[in-house]
Amino acid sequence: ENTWLNDSTQIDANGDANDTGGVCTGWLSINWDTNDYYNILVPPGKYLSMNASWTPQGTQYLYTYMYKCQVQTLPCSYPANPAYFVSQQYSNTGSTSGISGLWVTQGGWLTLGIYAYGMVDLTYTLDLQFLPLSELEGGVQDDAGSGFDAGAGRSDAVHVNDFNNVTASNTLEFSGWNHGSIDTTDRYTFDVPANYGYEVCVEHDEIQYYTVGYTVWMLLDLYGSDSNPLPLNTIATPYYGNQVTCYDIAIQNGYYGGDINMIGVRNWGGAFTSNDGTDYNVTIEFYSLDADGDGWYDSMEDLCGTDPNDNMSVPQDTDADGICDALDMDTDGDGVIDSEDAFPEDANESSDGDGDGIGDNADEDLDNDGWSNVDEELCTTNPLDGTDFPSDFDNDTICDYLDSDDDNDGTPDDDDRFPLNASEWADHDMDGIGDNADLDDDNDMYDDLLEIDCLSNPYDVTSIPTDLDLDGICDPMDADVDGDGYDDVDDAFPVDPNEWADFDGDGIGDNADTDDDNDLVLDVDDAFPYDPYETIDTDGDGVGDNGDLNDDGDAWTDAEEFACGSDSLDADSVPDDYDSDGLCDKVDTDDDGDGTPDVDDAFPYDATENSDHDGDGTGDYSDVDDDGDGWLDSEEPNCATDPMDAFSVPADNDRDHQCDLIDPDDDNDGTLDIDDDFPMDPNENNDLDGDGIGDNADNDDDGDGWLDVTEMICLNAGGYGDPVNADVVPHDNESTESAQGGPDGLCNAIDPDDDGDGFPDPLDEDNIVCNADLCEDAFKWDHTEWHDADADGSGDNGVALELMDDIRAEPGPFAMAGLAVILGIVAIRRMGAEDEEYDDYDEDADMTDMLDDDLEDAIDEAFDD
């Protein structure tokens, strides 16, 4: 309910808030009222001690919390005004207590929250006391010389300037004390002068966290100013291992001057250290952001290329937008970047569609077809299309669409009988012949020429020539109409024989007029009595001042002197003319006479220069690098780049300042590009097998399927192989399909079983071993054969052994068997001699003879073996 206790609100306006404490009761319901809130003002120099008791007890838990709003003038709310938890307790014993500690030391308020979690309603009693801070450790402090503890929030931060002065060296120094558990955070505010930055350092004598034997973990928090706050948790680094922690606000690239800034010093080691509190010192050094006071910050002058310590060295800023021209992509501030602006230094122009050097905004003829934009719109043609222009029959620069007299004969088309014939416009007698060609337009019997000469109307039959003196010559053709001896052309009064001149045309003949030119100056006082426009001649040159173009005779006309601001009546007063071209500087659009108008001339008083493409202050004629890209103008054409375009830069792969286009060795590996398979890779220059992998990185240079190292091993073992010759490869008899499934990748020179049939190659091919322990391969390059029992050169697997092959292979057993047969036959023969039927078996006898012969041969061979 946020009930205020001790007769107060947030601020003890009249100083009579109850600071003696007291006892009060409350009630909580598990259904209707599970929590209560109280706001309590803690008087300065006091701390709050709270004891709560309740019934019933047992399993009924009561939670009590004390917390403080960061902004004391507003209720706690997140994230607008978050709170600090001051203390919290919970118990089911029937009582609990807590204190506010050092969280409120300068006078401020706390919120006390009470929550119940149980199965029954309860009544509680609060015993609140305000006790002296001096009873607590750290209760009496003098942070920054203020006489009290710097608080943890902005509202009770110490404003350092109220208690400390900035030294002559622009330094603000002060000290404080905090504690890892009871007073973790001290906040300070301070004034930062306008156009100044600062560096703040915190120093202490303890051993910083993350150092062997550490006793404290001190952190420096930065909050910036109200107008330019820093993000939350902006902490000076490093966190660990330094007893002095400093932070320069310039790191933030912002402006913090002319405002109040805030820092916090946190003793954050409560969870890791145990100490009795830490004394610390804070030093804030202020430094000017504009050392030379020229209105440009030093950091900006560094970027703009001017001297931050010289107030005469000021960045050029054509459009006065606070961005120097060297950094400004739009020098004239017209909203079009310089690279796209045909007039980058003229805020009124940015494009020139017809390329005539006049910006489109001022160009009265955008398509340069000789007709103004306004006229083309009025004549219904396109002012942006040079091929679409108005028709003009009489070439009087007024299009026919608007021209009221198309043939320009002076007669409007509506009244012109011949509107497209400049020599005719009327046909007075309607005879189809124009009056100019008709000799008698009114048919009054007087030729038109005569009537014209005699000033009668050739179109009026009633108007005929007059002859005043009846001398037979019509008056208009009579040289002296009044006969006074003065021809009419010279007679101001051609019909008055007494007057013949009237210089001023006032109707009074000169004979009677005292002011002949009627300039209000009597003839006797008039230097030019017959010139109504002149009365004075200042320089006495015979030309009156009114008509004299140079009244004072100093070689400058009056109009020029008027335009140039000098005195046209004083020969010693002449205009300034820098290039002596007869045009004074005030009106001369090209003061140095170099052919480039001043408005477009980067050097209007230097006839040898007119442009500075890269803005480096050196004219392009003198500048060896017009676009300022680090490549000389003489170098860029050879490299096919534009010396007037800073974004057109020669390619230089090896950065030797010899562009790739003319560099014979682009990767600078010592091998010319023409001989280099990898001209852009300094680590490779050859690719023997053309597989796209340089030989330095290629494991098989000749691409023959054998690794280079394997070929060298086989070669050194007495076999074959050449890592740079694909035609010379190691021999591997298993390269054809074998019983074991194919080649084993070992060349014969190092393979103990060349054909891979499981029988080792013989160590001595003239003495092949085959016994119970070892049987060498009699056919080391034939995986289908390995033994030749009868030594006939054919393997036993391919050619089966015959009886005689077995006998030759092992004659002993067969010799014994043969002897037994012989003995048997001998015995049979002996018995046969007595047998009367023996001769009946001739076939058997022949068989016996053959067997005897074979056995004898076998026995002989056996005994020979």
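Quick reminder: no glycine exception, Cβ is built from N, Cα and C everywhere.
Database features, via TrEMBL:
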- 318-378: compositional bias 'Acidic residues' (COMPBIAS)
- 398-416: compositional bias 'Acidic residues' (COMPBIAS)
- 502-561: compositional bias 'Acidic residues' (COMPBIAS)
- 569-603: compositional bias 'Acidic residues' (COMPBIAS)
- 622-636: compositional bias 'Acidic residues' (COMPBIAS)
- 662-701: compositional bias 'Acidic residues' (COMPBIAS)
- 307-391: region 'Disordered' (REGION)
- 398-417: region 'Disordered' (REGION)
- 502-701: region 'Disordered' (REGION)
* Please give the sequence-distant neighbours of the compositional bias 'Acidic residues' (569-603): residues at least 6 beyond its ends with Cβ less than 8 Å from one of its Cβ atoms. => 343, 345-346, 538-539, 551-556, 560-561, 563, 609-612, 619
* Take the compositional bias 'Acidic residues' (398-416) and count its residues per DSSP category (helix H/G/I, strand E/B, coil), listing them in that order. => 3 helix, 0 strand, 16 coil
* Asked: By DSSP, what is the split of the compositional bias 'Acidic residues' (318-378) into helix, strand and coil residues?
  -> 9 helix, 0 strand, 52 coil
* Using DSSP, tally how many residues of the compositional bias 'Acidic residues' (662-701) sit in helix, strand and coil. => 3 helix, 0 strand, 37 coil
